[in-house]
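J.: Mind having a look at this structure? Questions to follow.
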Amino acid sequence: MENMQYAEELVREFLIFRGFTNTLQAFETELCTDIGKGFQVNKILDLIFAVYIPKFQAEKLAGLFSFFKQCFSSWSETTMLDTLLKLEGSVLRCYIVHALQSGRKDKVVEFFGMNGNDLLLKSYDWTPWFAIPYLKNPNMDPQFRVYFSKEWYEALRLSVRNFFSEVFNENGREVLGEEEFPEVSIEFQETFLGHTSPITRCRFSASGNNIASASVDGTVRIWTYDSSIPASRNATIYCGAEIMSLDWECKSDRLLLIGTADGGIKAWNVDAKRVVCDLNTTEAFPSVLDLKCSPVEPIFVSAASSQRLGSNSMESLGYASLTVWNMKTWKAMTVLPLGEDPPAITSLCFNHNGKILAASATDGMIHMFDMSAGLQITGWPAHDSAISSLLFGPDETSIFSLGSDGRIFEWSLQNQGRVLWSKTSSRFSDLETSNYYRHEMALDANGRQLLVTSGSVRAPIYQVQGHSKGLRTLPHSAAITTVDWHPTLPIFLTGSADNSVRVTSIS
């Protein structure tokens with residue numbers, strides 16, 4: 001702050017010296033408004049949520065974001081700028097909701113009259129909002145209901161706070177990128193070159209002895225990296241479509257579940273070396289985005305979407321279907337309720353006893369299900385963008401979420417909506433790559449190190465809630481598209497768009 005005051009004095013001195021009195025007067029006026037609030041996060045937050053929104057100052061609200069976009073337009077971190085644009089959209093929607101809740105439909109009409117053309121040019125998602133001032137009960141409409149909830153408002157405030165906290169430190173200086181992480185110190189590394197196309201998923205088996213890796217060409221390969229383990233289970237499985245998801249049976253290494261982009265779910269018996277079951281989702285939901293086996297019961301859950309991942313972003317994956325399957329009869333047991341036209345579910349995870357299932361969605365929501373009742377018990381808006389990966393913390397008092405924008409949150413499950421830890425991995429995220437690959441993360445056996453996929457040739461390993469620096473993996477020759485940790489040892493997997501899979505043991 002002292003540096004900023006010194007700089008202001010230098011500007012005043014220069015203007016007086018040159019006789020630019022009108023410019024000096026304008027400079028002093030601008031200092032009084034201080035739209036950037038000295039890059040102090042709490043003041044920026046108050047300006048948005050305690051002044052501009054409640055006092056219906058839409059023009060100043062738009063001006064504030066325009067100011068920050070100009071400040072950040074030179075960023076090399078395009079992902080962060082994209083996040084700012086998404087936050088701007090959410091804050092403007094918050095303004096509209098507040099106006100409606102305050103009985104000021106005139107302010108909503110005025111807002112669209114002033115900003116309507118710009119909003120339509122920015123995103124087609126705004127089109128339905130032009131009808132909102134004319135709806136009788138917009139808070140009851142399925143399309144807008146979530147925006148009227150206290151949970152969404154609190155999550156938005158939190159997202160704005162976390163964003164600006166990441167962007168600026170205590171001294172108000174811009175943080176252009178995360179610190180340079182040192183390279184991991186390895187004990188050994190093995191590279192598997194059996195695939196002929198980019199890797200989509202790779203997973204350790206329950207014991208960690210076997211590895212399953214899948215690629216875009218529709219093949220799954222089972223292999224081992226340890227020469228002391230028999231290679232009798234090694235196999236190549238031809239599925240005929242791109243592999244979207246893999247999961248091993250939790251109690252043994254006997255069964256591997258495979259989900260494809262054409263609605264197929266196969267169960268491979270590694271001992272018999274054959275497909276023991278070949279299921280299909282309904283035609284309405286052809287893309288099996290994730291599969292998760294219960295750690296206790298002989299059941300698994302499939303998350304399927306109405307569209308497949310492609311040249312469009314994750315937000316365009318269509319609608320969701322969550323189905324519970326019996327692994328003895330290989331028949332569908334029930335469909336978990338998600339409401340009308342629910343956004344696609346991208347990631348699933350069970351807690352240790354299989355009683356709770358967590359699911360993340362493309363609208364940024366986290367859903368929690370009671371599996372014994374087959375009902376959703378809670379949920380909250382966690383991201384302003386699609387969530388691509390979800391993991392329970394090691395003691396299951398928290399849950400980690402990774403957004404498609406590269407933002408990572410650890411959420412408290414005891415105090416819902418509270419963020420325990422956060423990180424921005426946008427430096428390692430590539431928007432173009434993320435349109436084709438779902439970024440994912442993996443926790444080590446101790447729950448202290450979080451490995452995240454990367455749009456670059458190296459992937460970050462963050463120290464969860466630690467003060468020490470993170471680490472960087474050794475490089476592949478292309479983007480790192482999938483990751484996993486050994487269930488008990490400090491060994492991790494990385495699959496890449498260069499067709500390779502690597503097993504790395506770190507010291």
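Cβ atoms are placed via backbone N, Cα and C, with glycine included.
Taken from TrEMBL, the feature domain 'ARMC9 CTLH-like' applies to 54-169. Feature annotation from TrEMBL assigns repeat 'WD' to 192-233, 380-415, 473-507. Annotated domain 'Anaphase-promoting complex subunit 4-like WD40' per TrEMBL: 339-392, in sequence order.
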J.: Please compute the mean pLDDT of the model over the domain 'Anaphase-promoting complex subunit 4-like WD40' (339-392).
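T.: That region's mean pLDDT is 93.
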J.: With DSSP as the reference, give the number of residues of the repeat 'WD' (380-415) in helix, strand and coil.
T.: 0 helix, 20 strand, 16 coil
J.: Determine how many residues of the repeat 'WD' (192-233) DSSP places in helix, in strand and in coil.
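T.: Helix (H, G, I), strand (E, B), coil: 0 helix, 17 strand, 25 coil.
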